[in-house]
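One structure below.
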Amino acid sequence: HLVCQYLTWLYGDPRHVLYARNSTGWYCGTGPNKDKPNLFYFDILKCATSINIMATALNGLQCPTTQVCVESCPSTFWAVGLKAFSEEDKAKVFNQSLCVPSINLENTKFTVKQIIDNELCPFFHIPTTPGEWNQLFMLNLIYFHIGLLGLLIAMVVSLLFLLLLRFTAPVLVWVLILGVLGVGAYGIWHCYWEYDNHKQMSASINDIGFTTNFSVYLQVQETWLAFLIIISVVEAILILTLIFLRTRILIAIALIQESSKAVSHIMSALLYPVVTFVLLLICVAYWGATALYLATSGGPIHRVVALNSTTGDCMSINGTVDCDPQVSQLWTRCIFIKYDDESLLQKNLFNLQIYNAVAFLWCVNFVIALGQCTLAGAFASYYWAFNKPDDIPMFPVSGGFIRSLRYHVGSLAFGSLILTLVQIVRILLEYIDHKTREAQNPVARFILCCMKCCLWCLEKFIKFLNRNAYIMIAIYGKNFCVSAKNAFSLLMRNVVRVVVLDKVTDLLLFFGKLLVVGGVGVLSFFFFSGRIPLPGSTFRSETLNYYWMPIITVVFGSYLIALGFFSVYSMCVDTLFLCFLEDLERNDGSLQKPYFMSKNLMKILSKSNKAPKRDKR
């Protein structure tokens, strides 16, 4: 990878895409044209309507009209008049600042017609001055502040929701569970009501047969009878599950409460998503810079274009003769064709870009793994503190981060590599599906769909296994393979508890995300749509023509903030759960092997310690 980086930074030139480039190959806004940042097109209409040979040869890479770097764009309408063709002083006809650098209007021997035909100077221009932006800037500044306020509200609501779960988790969980059962009960009643109302209908399923108009089936008594039976069976299963799993639900609630306590003791963990975000930005910037240097590693190639001496149109392109674009020739032009693709580096450019993309995926997965291992180490140090919070380390998050970098980089990189390989296979399969979609028959589509589904499931399983492996790595410090095996075995021995905790946690976090994103979205809608006046501002929200765009931006930002906070909480729940299972298996409450779990969990499981615990909560 270092060799790839060296080659790209040695031969690449990002100025190709960072700066505009005129027809002579010079960059605008830098070098000799430092004071000329704007690019002026002689005939902008050719960019959209040209279908001549030059446009075909360029494949759309270059607009077939001369371009020059200018200090400022024209601000008036102007065109060459008929009388100008007999004018001897070319400086009176054309503006020297808008002509190609190679021509000097004071002493040129070209006629006005020759200058126009060779596109040495423009024969017309239109005003392109910017409008009045001051008021728009002030308005955007106000709405920007409101957007930041909405994101701040999302952050505060997310934090309060997580901290209050230690008090509200039992109520929320049972309310949501009873709500699901209530919806099922209403469905049973409604289906029975519809079934009773359609008793007088003489039609049956056999009379209707098969039809694409599904509303017809709703007029048949048998349909509502089927719905009634299905919903009743599901409701009965849910009630029986609730009865038999009530203890495990209580354990899940207690772990959620304990996670809220852990977050309240380790508040710095809520800031770690910012670290992950910064590291991901570095990965994206590094990948983008490398891809940019690779894409711009070839030098520009110019070719000679022959012009019609009568019309000035392009006649042919000499594809073998190089030329200097800074030297003007009569009835010929030197234009940019493409970037050099004949060198050894350019011939392997695609392979290097693929290698760079794979390295980017690996780096992203490694950063995520580093965050998971860091947080797991921090929350594991909370659980294994016998007397909380006195025995909690001083800087648990920093300690977890340092331990992960010092001892576990290899394990994290290996787990990230496994996930990256699976993602690469998924990407290749999607690429094959996209390229062969028109030639696929139903059997091929079915096979590809099954393969994509299997790989999606495999990726989900690898993520689940890696996440728990990183937790075991943070607890015991063993390598990835041993930790993954131990974590998987531990979870399989407690599979019912895993399912219950996972679903209860998902239900709570979904409700939390809905509360944060929905609340901030409704509030931003009232602000940006003008239903709530902006405080201390003379501007009206009605002046914002597309108020849905800032609303969508705030909602999306709120979702990312909620996702960051809740991802920390979810990692805390998973870590404490694995620690809890380990605590149950290796300890028995004796003086030599006391339980580290909370008193609430010991009460639910009817367990106790012979050695007293001092929890200052």
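Even glycines carry a Cβ here, placed using N, Cα and C.
Taken straight from TrEMBL:
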{"type": "TRANSMEM", "residues": "142-164", "note": "transmembrane segment"}
{"type": "TRANSMEM", "residues": "171-189", "note": "transmembrane segment"}
{"type": "TRANSMEM", "residues": "224-245", "note": "transmembrane segment"}
{"type": "TRANSMEM", "residues": "266-289", "note": "transmembrane segment"}
{"type": "TRANSMEM", "residues": "359-386", "note": "transmembrane segment"}
{"type": "TRANSMEM", "residues": "407-429", "note": "transmembrane segment"}
{"type": "TRANSMEM", "residues": "470-488", "note": "transmembrane segment"}
{"type": "TRANSMEM", "residues": "508-534", "note": "transmembrane segment"}
{"type": "TRANSMEM", "residues": "546-569", "note": "transmembrane segment"}
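The transmembrane segment (359-386) makes contact with the transmembrane segment (470-488): 3 or more of their CB pairs lie within 8 A, with pairs spaced 6 or more apart in sequence.
Under 8 Å from some Cβ of the transmembrane segment (266-289) lie the Cβ atoms of residues 14, 159, 162, 356-357, 359-360, 363-364, 367-368, 370-371, 374-375, 378-379, 382, 392, 395-398, 401, 564-565, 567-568, 572, all in the same chain and six or more residues away from its ends.
With a cut-off of 8 Å on Cβ pairs spaced 6 or more residues apart, the transmembrane segment (470-488) and the transmembrane segment (407-429) reach 3 or more such pairs and are scored as touching.
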